[in-house]
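Annotated in TrEMBL:
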DOMAIN    157-280  domain 'DOMON'
DOMAIN    279-486  domain 'Cytochrome b561'
TRANSMEM  318-343  transmembrane segment
TRANSMEM  364-383  transmembrane segment
TRANSMEM  395-413  transmembrane segment
TRANSMEM  434-455  transmembrane segment
TRANSMEM  461-484  transmembrane segment
TRANSMEM  535-554  transmembrane segment
Amino acid sequence: MSRLISFAAPDMRPRTPAWTLGAFAFAAALVSRAMKRVGERVGIGVDENAIDVDLGVSSILLLHPPLLLHPPLVSILPFSPSSPSLHPPLLSILPFSPSSPRALGLLTLSDSLARRTFAYSMAGSVADVYEECGKTMGCFGTKGRVCDTKCLSSRDCDGLVAFRGAGDRTHVNFTLVGRVVEDMRYVALGISTDGRMGHDGVVECVREGQTVSTYGSFNFDKNMGNQRMHEDKQNVITREYGVFEDGVIKCAFMLPAKFSIEAMNFQLDSHIYHVLVAVGKATKDNVQFHDTAFAGSRRLADLFEVSIPKCPKNKTLLYVHGICMVLAWIFFASSGIITARYFKKTWVGYQLCKKDIWFRIHQGYMATVWALTIIGVLCIFAYEKWKFEYDPHTYIGIVAAALCFIQPFMALLRPGPGAPKRAVFNWVHRGVGVLAHILAVANIFLAFGMDSIAFPVQSYTIVGVFLALYVLTHIILQTHTLLYELSSVMYRFHRQVQVSVVSDNKGESTQSPTTTADSGMKTDATGSVLRQATWILFLMASAIVTFLLSTLIVERLMLEKSE
């Protein structure tokens, strides 16, 4: 036995002609079919009366004109497909009277419930949203708190946002769907510039009992949460409907192409945004942590295009790339350059594997730089699927990595000591290394401002402090070197003037042997303690900076995974 739902009002005025009722009912049936209401199973919850009216396969929805004029009445009439008066898909008109002996019950509904029920029938089912995804609407969904758009095809997303821009690009229509069980739960849309929580425009659809309310809010950051807009600013959102049925929140609303929330201007028609969707607990005044579902899409070029945004890429390789470059160029390269530049006359007489100590330190540090750079480059290429991102960071990074790569091969071509081209090699080798170091550190600065990472402002301060210490170390050691060389020149000049050269009968000089490094001395040059103390302090400072930057990178990675 199927049932027929008929919305009508008490017959307290002259009877409408039958042909008028027939035409209206026939039109209503066509609209109902077009919206896929006929043949689908839905329920209408009537609050405390808890009356459920199910539409069967053979059901017909009749909307009589009195529905728009009076508080409607609902009657449930037994209906059989074999009835001589009603045979689907043909439509017959049955005069309705509240005193009809075939009526099983009458219920007077409030105007608000009638509007809500009518909106629900016009909205279509959740299945309709999935059906339109990728056809007439763009969609982004997630299963749990890990982005997984496969739920769009399986139609079991915990959180789903569908969007469709107006043809005149004046507004965008959104539909939100979220699975909830308890009261005071929400599904929310976030419009973000970076794909993460913080400084985002948010629209919340909150279940409050059997109703669904829509609020606009602003997300400050992960720790501060959301703050709802004042009531007089909520009109930026045009609410269409909101329903809760079978454990699912579904709401629809419209946002203008240009709007502002908490001093942030959003221009959906001309700017690029990420779409966030979240499902979680709510309070009377705000939403809380998204404990059910959360995901952010990759950047959307145009909300007015029908598209299925992809999930963000796993950024583990990106952050490994960052850690490798920080270790390579902030710590090892900087320390290796300083060692080779200022410590050739330190640790004199001591060797490691038949080479001077300073050379082995420089060689080990720069070999580590080379290895970490190669690993970092491989990681970023694998992250980008071996494709180039055409931006300054990419170009500068490629040049710096190429210069670093050729350095050890240049060292193999080094002329021997005293060779005429040895000085040329030294300057070329030094110039290539210093240029690679400058480009790499500058590129680290650029990386902190990229949208794919978006490090906090403190990262710039940390690198700035490191650069100041690096320059200061150079100034101290270079000044010390110049003073030492000046003193050596003055000493030799003094010896030339003050020391008399006495020749014996054979014409031999009686000048005493010098103790300078230039004459092959076997002890450190003057100021060795100062150089070593400065070197140790710089190593400690660069190690601290490297640790802080690496910690920031790891924290960003953990934050990505926690969201």
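Residue positions begin at 1 at the first shown residue.
Glycine too: its Cβ is placed from the backbone N, Cα and C atoms.
TrEMBL: automatically predicted annotations, no manual curation.
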Residues of the parent chain within Cβ reach of the transmembrane segment (461-484), under 8 Å, 6 or more residues beyond its termini = 330, 334, 338, 341-342, 441, 444-445, 448, 525-527, 530-531, 534, 537-538, 541-542, 545, 548-549, 552
Could you give the mean pLDDT over the domain 'Cytochrome b561' (279-486), rounded to a whole number?
-> 89
Interface check, the transmembrane segment (535-554) with the transmembrane segment (395-413), three or more C-beta pairs under 8 A = no
Have the transmembrane segment (318-343) and the transmembrane segment (395-413) got at least three CB pairs under 8 Å, pairs 6 or more apart in sequence?
-> no
Positions on the same chain near the transmembrane segment (364-383), where near means CB under 8 A and six or more residues out | 313, 315, 317-318, 320-322, 324-325, 327-329, 332-333, 335-336, 339, 397, 400-401, 404-405, 407-408, 433, 440
